[in-house]
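Trainee: One structure coming up, written as structure tokens, with questions to follow.
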6 protein chains.
Amino acid sequence: MSTLEMIHITLFFFYLLSYTSHATSTNDFCVANFMFPKTPSGYPCKSETNVTSNDFASSSLNVLNTAFVKDIPGLNGLGISAAKIDININGSVPMHIHPDASELIIVSQGQITAGFMTPTNLYEKNLKADDVFVFPTGLLHFIVNTGSRNAIVYAVYGSENPSIQLLFDLLFKNNLPTPIIEKTTLLDAAQIKKLKAQLGGSG
Amino acid sequence: MSTLEMIHITLFFFYLLSYTSHATSTNDFCVANFMFPKTPSGYPCKSETNVTSNDFASSSLNVLNTAFVKDIPGLNGLGISAAKIDININGSVPMHIHPDASELIIVSQGQITAGFMTPTNLYEKNLKADDVFVFPTGLLHFIVNTGSRNAIVYAVYGSENPSIQLLFDLLFKNNLPTPIIEKTTLLDAAQIKKLKAQLGGSG
Amino acid sequence: MSTLEMIHITLFFFYLLSYTSHATSTNDFCVANFMFPKTPSGYPCKSETNVTSNDFASSSLNVLNTAFVKDIPGLNGLGISAAKIDININGSVPMHIHPDASELIIVSQGQITAGFMTPTNLYEKNLKADDVFVFPTGLLHFIVNTGSRNAIVYAVYGSENPSIQLLFDLLFKNNLPTPIIEKTTLLDAAQIKKLKAQLGGSG
Amino acid sequence: MSTLEMIHITLFFFYLLSYTSHATSTNDFCVANFMFPKTPSGYPCKSETNVTSNDFASSSLNVLNTAFVKDIPGLNGLGISAAKIDININGSVPMHIHPDASELIIVSQGQITAGFMTPTNLYEKNLKADDVFVFPTGLLHFIVNTGSRNAIVYAVYGSENPSIQLLFDLLFKNNLPTPIIEKTTLLDAAQIKKLKAQLGGSG
Amino acid sequence: MSTLEMIHITLFFFYLLSYTSHATSTNDFCVANFMFPKTPSGYPCKSETNVTSNDFASSSLNVLNTAFVKDIPGLNGLGISAAKIDININGSVPMHIHPDASELIIVSQGQITAGFMTPTNLYEKNLKADDVFVFPTGLLHFIVNTGSRNAIVYAVYGSENPSIQLLFDLLFKNNLPTPIIEKTTLLDAAQIKKLKAQLGGSG
Amino acid sequence: MSTLEMIHITLFFFYLLSYTSHATSTNDFCVANFMFPKTPSGYPCKSETNVTSNDFASSSLNVLNTAFVKDIPGLNGLGISAAKIDININGSVPMHIHPDASELIIVSQGQITAGFMTPTNLYEKNLKADDVFVFPTGLLHFIVNTGSRNAIVYAVYGSENPSIQLLFDLLFKNNLPTPIIEKTTLLDAAQIKKLKAQLGGSG
């Protein structure tokens, strides 16, 4: 067996032994154990003997702009996470969807217009510092910087690992055949091919 | 008080009295009581004394094409419902989203191509009679009739009252201002105005 | 180590490595990974890099009559599945229970009588093509072909892996001692032994 | 309007006003408000200003043998309740099902045999004082007094309002037509009619 | 009837009528309807015809320091909310518990020390601007301003209506008899009476 | 490889093979498999072929005073468990919290006073044999023996693995620095150091 494999085996045994002790652990928290695959309810739990305060903290907001379970393993199973969004003057957060999470935004600086749509309505607001707005789960939404300076927004999600789906990436960044897009949208082939070219899609 | 109001009051007392007896009802089911507002977990329950087998059945699939909680009050709280979809030759079910429900389809007749997209992939299949396909909750998906005859599809949902959101209605059927759509999509004003005209949107 | 074991180890490392990358996967879906044991919320997730459109589709309805998570791994965690039930003339689906799922049926062909019972009531309906009926979770129910031809029914469940418990198998197919059945039912030893003989039970 | 109606109206206003204040109540608990219909998640909450310690207590175990939400309104939404079961010498708790709750039993006095069945197995144990046994949700189960004195059992349920369904009541206490029972069980008409007679069923 | 009562009745009918139309509303969101009592899953839903974008927004953070469901009715059922916490130099957020919600904090300004305790451990961190920390549901926690200026913290909760329980209010602000506190803590009567005096408790 | 490692590997293959067969297991129950780490929804499931009736039973109440998932693996995922509490004359169960479970108590012998506190109220009752009382999830509560003999109480929890947090252990048994306790409680350094000394805390 290769050295790499030996390391993994050793690692594996370390975990294997820690489970048995796990039988007495309580439900105070479940820090993500990335050595095992995720389940529909989140990642398996790290043995409590290996958990430290660092598992519940992160300085990642400035670097990655996210504080998701990958950044804070202690978020696992808690159904909450955060992100920091910088929006330049005239900039925006394009139309997107979180299929698995509601989003609450707190404006930290600047002025923005935020909104979401349903089949029957548009719900839109102009927001300034310390204003709060909520996007219910799975609804198409956007943010536009409508102020005269950069805007900073803190976003929190009702999931420790929210999925972020930019609408036009879904439509034009993959190899979804143009004839199918034509049949399932109101766009013609020329428009579709132009957008695919912009976003790097094919077909 | 008007006669109409008297009727409502009487009705109200009828319900008021029935709750108290309700205190002994069990959790076998909770048939929707449309006299009271929905809650996040579904509609309040009808008094069991008023429930009949008709509350659990419907012949609505051929008329309305839906068997949702409004059609079958007994679905309330069960998180399941059904629809029947007829797709003409060359027809399709346009790009849409169910923010609150997974969807499983069973092809009853004809040949279709069904698919959904994530930020990184397209998951697409050609399906024939008795083939099954699933669209996970909140993901953008479509169906195209790729056969030589009408297609009939039974769709079932992981919600008793699924929301159906046609993508282009969300974008172009309301009064979302054109400048905001420009800033949050890759479309130019001319395209947007054309699509708004087609779908009856303004702004 | 045996070759078989080597194969498994290699397989295991393949998975072990894929988890770490898993730390960045989102919650768009969780395709069942049958290499690891089920949890109360479903199977662990396959690494997204190994997921294909086949994980969300099945042609199993005609072969196995089921489209459960074992047939469509993409159903994992979605709480929905389907089955196709053929009922001969004069045939029936015997009294049974799904302890973990509601069931909605759509009649595709023929005429049936479907019903379920509570301690206080019988809820029964005659159903024809495209009629829909629902059996709430955990309630004893049945279907009888009451038409003049074979009946075909599509059944969908509020679970990706519903348990199907035929009542008389529960009572008479195992080694539950006859004296205990006598004390907990209204049947006498002779009847019980006769039914055990029919179903292959002992005791 | 009648005096009775006036009383109800007054009552109604009392509640109507209390809701608005309710807007600031927290989620410490939700004591059942039996004036309004149950929802799939439980009864609406009584205004906290009307809640007393009696809403969380009961002396009903000796009288009613139950401590369900109807006996302890404070159980509402907590998904837990209790019962006290006296089983005479040679007595039993007949085959029954709780479609909506797991059950845990603690033997307080005497000796019993408890068990539940799945399609593939029988899980059965002899239990004495302070032994514990669990019946998973929706599975057919029974208890038999196998000791030489009365047995006393405390049962607790994973629901504040568990449904108790005695198997033979489901089959023979209602008007389910004998021909349908014949077709969906292994019993013949004579047996069915005999059992219907014993339990007061018709048809 | 008094004018006030007439207003309420009219109001009531307005709602009564709106429910029936409610039968067709979807699950896009459920804006809190404070005219009816809360349920274990949240408040009943306002009729969609009365919902505006203001139901999803609030400028309350600077005034009330909270953005809970009472401030943003659109949060109802979404299980998320926010607060803004100002902590003076040398100030702190005393030991407290949220029985029904996890809490994630984002430091907006200043330096703090945050921590929570389990029976076996203390999890504590020093945090600066844009650092994130999480307090799992129901655990005793605190924040101390350990910097040289006022600290500002955004807190978000995994509940739309979190309960905030200051530990010493629970112990000493009510009429819990001193002898019982003596028997259930390590404090003597003198200490207890002193603390009751400070917090306005009796007994 | 060491013999110990060989044993583990063999063990591991045993499980690895059992999962694949697991793909057909149903949701009747999910007996805890302590060889793998817990998930937010509970432990992974043991292969059904290894499950026996002993997995659902325990005689541990008299020995350990608990019947939690570690004592009864079959409780896994069912959200219910039990404990037996002996309280001497003049004894008590000190102030504590279960962050993850409601608790229902049944008095089996003696007389007790039980209570819990919210920010606004004390809910307290004197209880005798067969009286029942409930402590909602996450609320601070206590029991005092107020009778003239030993009291015996059966406690059941809305979790298969409840966390038990004694308040004064949380505050004084760990190394939480005295200055922080001073700033976040109303206690002075002398009191804190005295209590730390009593409970074995440092700092």
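A Cβ is built for glycine as well, from the same backbone N, Cα and C atoms used for every other residue.
Because TrEMBL annotations are produced automatically, they should be read as predictions rather than curated entries.
Below are the features I grabbed from TrEMBL:
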type: BINDING; residues: B:H96, B:H98, B:E103, B:H141; note: Mn(2+) binding site
type: BINDING; residues: B:H98, B:E103; note: oxalate binding site
type: DISULFID; residues: B:C30-B:C45; note: disulfide bond
type: DOMAIN; residues: B:49-193; note: domain 'Cupin type-1'
type: SIGNAL; residues: B:1-23; note: signal peptide
Trainee: Rounded to a whole number, how many Å is the Cα of B:C45 (disulfide bond) away from the Cα of B:H98 (Mn(2+) binding site)?
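Mentor: Computed Cα spacing between B:C45 (disulfide bond) and B:H98 (Mn(2+) binding site) is 25 Å.
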Trainee: If H, G and I count as helix, E and B as strand, and all else as coil, what does DSSP give for B:E103 (Mn(2+) binding site)?
Mentor: strand
Trainee: If proximity means a C-beta under 8 angstroms from chain D, which of B:C30, B:C45, B:H141 count? These are the recorded positions.
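Mentor: So the ones by chain D are B:C30, B:C45.
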Trainee: Report the DSSP secondary-structure composition of the domain 'Cupin type-1' (B:49-193) as helix, strand and coil residue counts.
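Mentor: Counts, helix then strand then coil: 27 helix, 54 strand, 64 coil.
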Trainee: Using a Cβ cut-off under 8 Å and a sequence separation of 6 or more, which residues in the same chain sit near B:H98 (Mn(2+) binding site)?
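Mentor: Looking at Cβ-Cβ distances below 8 Å from B:H98 (Mn(2+) binding site), excluding near sequence neighbours, one finds B:F135, B:T137, B:G138, B:Y157, B:S159, B:P162, B:S163, B:I164, B:Q165.
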Trainee: Which residues, sitting 6 or more apart from B:C30 (disulfide bond) on the same chain, put a CB under 8 Å from its CB?
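Mentor: For B:C30 (disulfide bond), the qualifying residues are B:G42, B:Y43, B:P44, B:C45, B:N76, B:G77.
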Trainee: If I restrict to non-local contacts, at least six residues apart, and a C-beta distance under 8 angstroms, what lies near B:H96 (Mn(2+) binding site) in its own chain?
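Mentor: Listed in sequence order: B:L140, B:H141, B:F142, B:I164, B:Q165, B:L166, B:L167.
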Trainee: What count of other C-beta atoms do you get within 10 angstroms of the C-beta of B:H141 (Mn(2+) binding site), across all chains shown?
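Mentor: Other Cβ atoms found within 10 Å: 23.
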Trainee: Find the average pLDDT over the domain 'Cupin type-1' (B:49-193) in the predicted model and report it.
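Mentor: So the average pLDDT across the domain 'Cupin type-1' (B:49-193) works out to 95.
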Trainee: Cβ-Cβ under 8 Å from B:E103 (Mn(2+) binding site), same chain, 6 or more residues apart: which ones?
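Mentor: Listed in sequence order: B:V134, B:F135, B:H141, B:A155, B:V156, B:Y157, B:G158, B:P162.
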Trainee: With DSSP assignments reduced to helix, strand and coil, which class does B:C45 (disulfide bond) get?
Mentor: strand
Trainee: With the Mn(2+) site defined by B:H96, B:H98, B:E103, B:H141, which remaining residues of that chain have Cβ atoms positioned within 8 Å of the Cβ centroid?
Mentor: B:I97, B:A101, B:F116, B:F135, B:L139, B:L140, B:I164
